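First up is the structure itself, then whatever we jot down about it.
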Amino acid sequence: MVATCNNGEILHVLFLPFLSAGHFIPLVNAARLFASRGVKATILTTPHNALLFRSTIDDDVRISGFPISIVTIKFPSAEVGLPEGIESFNSATSPEMPHKIFYALSLLQKPMEDKIRELRPDCIFSDMYFPWTVDIADELHIPRILYNLSAYMCYSIMHNLKVYRPHKQPNLDESQSFVVPGLPDEIKFKLSQLTDDLRKSDDQKTVFDELLEQVEDSEERSYGIVHDTFYELEPAYVDYYQKLKKPKCWHFGPLSHFASKIRSKELISEHNNNEIVIDWLNAQKPKSVLYVSFGSMARFPESQLNEIAQALDASNVPFIFVLRPNEETASWLPVGNLEDKTKKGLYIKGWVPQLTIMEHSATGGFMTHCGTNSVLEAITFGVPMITWPLYADQFYNEKVVEVRGLGIKIGIDVWNEGIEITGPVIESAKIREAIERLMISNGSEEIINIRDRVMAMSKMAQNATNEGGSSWNNLTALIQHIKNYNLN
């Protein structure tokens, strides 16, 4: 089935993903979903980012016949002083590189604008961190759809913090809890858990803070906003947020699960560790394995990694601990443990097939940094969580898990400004206590209830993406809105 405009031409949507795996994976999956509905989908990115998912897109064309393609723009490596191949925040190998990548983004704006003018799409589906796309959409008289990574609850929290400013009350101590006013639930925070932009005065604003202000302005000027969530996870917040925002809002998540129904579960298919991980999981008992991953960007000090390793070892719980590709392990990792499947646990460097791990019957828990994708993937496959938020919006994402009763907390109170984790080191005893509480206390009423709730939510997530489900219908409605825009 082909989606056409009023002039008989196939509806053409251009997708512009941000240069970070946590952002580009769901947005590329959104492009695949549109293509599966007969929409011509063009993904605009840089060469080395395209390599990560090109084989999946090629198979979508070759096997499924989808009208989807990738167009690349040269990344300005030499101009910003980066080695060839470093084109995303995940590939950065030093603290200085993210700043250079941000600079590169500003240099990419003009060539991207020129390419969009050349391609003449009927709609731009843009990551939130490309606020300038609202201007090019206005110039071309086409709708701009903004992709927001987080759940409605998270954005409702952020909105109400900015409006009501409960964290600005006099004499509020860093360790004191306060309630965020006006929300459907009583949600509490400590000042130390808030993102830096909320705690700074206006004269302390950084370049990134200014970008966030541009993002907020572009939201108001966009035709609509898409969230990677599903109605049944947060019905009160879907309704609440949609009343707050002027642009229309849609949600057709979980995108990872929705897209897996097309053909391939994993977007990034080239995992060197696939066979090691799957063979090892196949040898474990059902629900016995703790999966530990803090994303591909966070940089823990060796002292913290050592505490985590000690806790995992002492708990006697089988585990998979995923480390960054260039993580230095010599000083803290027990000798012989790296990728040694004869051990009770696996330490794996680099990318792993996370969706496959989540779906495996041996996986019984997930220690997570509360990245948006990770939380949603755990919910989708019914895996209860141990939450350990670090930076960005992760303390807000933790509230989704807390309010819905889908896991337990390590108890982190300090937000980090960047990917270099400098907060207080959490001792192994505290980490071990959380691991054993979730993984060994399976007979306790608390853990039984958590597992029941997350399994029920998993069924709702999967039903939402079935034909006639809430997310399926939202995707259908969005495509129709874009068609109607082009009729006017």
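Cβ coordinates come from backbone N, Cα and C, glycine included.
The structure displayed is predicted, hence computed values, not measured ones.
Here Swiss-Prot flags H23, A392 as anthocyanidin binding site, drawing on similarity to another entry. Sequence-distant contacts (6 or more apart, same chain, Cβ under 8 Å) of H23 (anthocyanidin binding site) comprise P17, D127, Y129, L149.
The active site, proton acceptor annotation in Swiss-Prot covers H23.
Per Swiss-Prot, the feature active site, charge relay maps to D127; the stated evidence is similarity to another entry. The number of other CB atoms found within 10 A of the CB of D127 (active site, charge relay), across every protein chain shown, is 22. In the three-state DSSP scheme, D127 (active site, charge relay) falls into the strand class.
Taken from Swiss-Prot, the feature UDP-alpha-D-glucose binding site covers V352, Q354, H369, N373, S374, E377, D393, Q394, and the record attributes it to similarity to another entry. For the recorded site, Q394 (UDP-alpha-D-glucose binding site), the DSSP three-state label reads helix.
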Sparsest Cβ surroundings (other CB atoms within 10 Å) among the binding-site residues N373, Q394: N373
Binding-site residues (E377, D393), the one with most neighbouring Cβ atoms at 10 Å: E377
Below 8 Å Cβ to Cβ and six or more residues apart, same chain only. Which residues does that give for A392 (anthocyanidin binding site)? T195
Could you find out if DSSP has H369 (UDP-alpha-D-glucose binding site) as helix, strand or coil? coil
Could you state, as a whole number of Å, the largest distance between Cα atoms of any two of V352, Q354, H369, N373, S374, E377, D393, Q394, the listed UDP-alpha-D-glucose binders? 23
